[in-house]
Amino acid sequence: MMMAFPSGAAMRTVLVSSLLAILFTVSAAGNIYQDFDLTWGNGRGKILNNGQLLTLSLDKASGSGFQSKHEYLFGKIDMQIKLVPGNSAGTVTAYYLSSQGPTHDEIDFEFLGNLSGDPYTLHTNVFSQGKGNREQQFKLWFDPTKDFHTYSILWNPQHILFSVDGIPIRDFRNNEARGVPFPKNQPMRIYSSLWNADDWATRGGLVKTDWSKAPFVASYRNLIADACVWSKGTSSCALQRSPASGSGSRAWWNHELDATSRKWLRWAQKNYMIYNYCADVRRFPQGLPTECRAA
């Protein structure tokens, strides 16, 4: 399929905007020791460079993972990740927000590995009150193993916006008025893990993990949570007169896609989306989910 690329001027504008966002992220980034805990992997996760870099590794015995020290109820999360290079088939690098329990809420980025030279699949999903099945998948317009790229989740009372290097790729809107549950009451932690899923991750499980290539390593830096911290039943944003006060911090609270952002969203979905549950009529013979039919 021939990909339609934006004009040179338009791409330069986005690249400059993304660079500025990355520079801001670097200046605002906290120390990983302060904000995150390694939670499993028996030493396979490491915090390096005085808390400026985190790595997860996977071998045949185990993967590894980490989570945020805090829970959040709405916010903007930025995470710079460099994915497993080379033959990453069978591996999954997951980055997501989640609450706990059978009726949990969850917002997912998952990066499905592939054979050397083949592109990763970026898998997104949204769970509300324990129900998911809202998958959209993409290929990326760059090699995510060569350098760090910023993957962002903006979560406010009206939208869940997934972005890559500042380019929106998915906007899950609040359609509670149409009876669609929306994550808004359960605080969530940030999680990430690197694990083996060769029963489904690459070509539906046809390609298995090549353990001779282990250990597989993913790297993280500049993990930013500009978000409402939830503690003892209270949101840090409730302590402010307005969560969106000012044009800088917490401007995400009332964020809506403008005309330029909507253009980039259409560009990403037209050229790089490879699966959309809202278009899968065979999967939903009784009719597409309500949010897919919403205007």
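Cβ coordinates are placed from backbone N, Cα and C, and glycine is handled just like the others.
Annotated features, as they stand in TrEMBL:
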- 1-29: signal peptide (SIGNAL)
- 26-220: domain 'GH16' (DOMAIN)
- Glu106: active site, nucleophile (ACT_SITE)
- Glu110: active site, proton donor (ACT_SITE)
- Asn114: N-linked glycosylation site (CARBOHYD)
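Projection of TrEMBL feature records onto the structure.
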residue	record	contacts (Cβ under 8 Å, 6+ apart)
Glu106	active site, nucleophile	Tyr96, Leu97, Ser98, Ser99, Asn125, Val126, Phe127, Gly132, Pro183, Met188
Glu110	active site, proton donor	Val92, Thr93, Ala94, Tyr95, Tyr96, Leu122, His123, Thr124, Asn125
Asn114	N-linked glycosylation site	Ser88, Ala89, Tyr120, Thr121, Thr202, Val207
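Within the model, the domain 'GH16' (26-220) shows a mean pLDDT value of 95, rounded to a whole number.
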